[in-house]
Amino acid sequence: MMKLTCVLIIAVLFLTACQLTTAETRDEYRAVRSSDEVRNSRSTRDCSGSGYGCKNTPCCDGLTCRGPHQGPICL
């Protein structure tokens, strides 16, 4: 039983590696897309996007910080 489990785990790892190396674009493989989304998440960006607060973080290019002093947002 343990041999079968090991063979299955190795097969799954091999198939996953094949999908990663043969995908033509990153959009084809979900795990790559997910890691990119985490990397580009709001907490790791240097600027605030449209609709996000800009009190402590500057707005991204092309956006302007507007609104009341207590809670301005990027527009």
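Cβ coordinates are placed from backbone N, Cα and C, and glycine is handled just like the others.
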Of C18, C47, C74, which cysteine does Swiss-Prot list as the disulfide partner of C60?
C47
Selected from C18, C65: Swiss-Prot disulphide partner of C54:
C65
Counting across all protein chains shown, how many other Cβ atoms sit within 10 Å of the Cβ of C47 (disulfide bond)?
14
What subset of the disulfide-bonded residues C54, C59, C65 lies within 10 angstroms of C47 (disulfide bond), using C-alpha positions?
C54, C59
Other than its own, how many Cβ atoms are within 10 Å of the Cβ belonging to C59 (disulfide bond)?
20
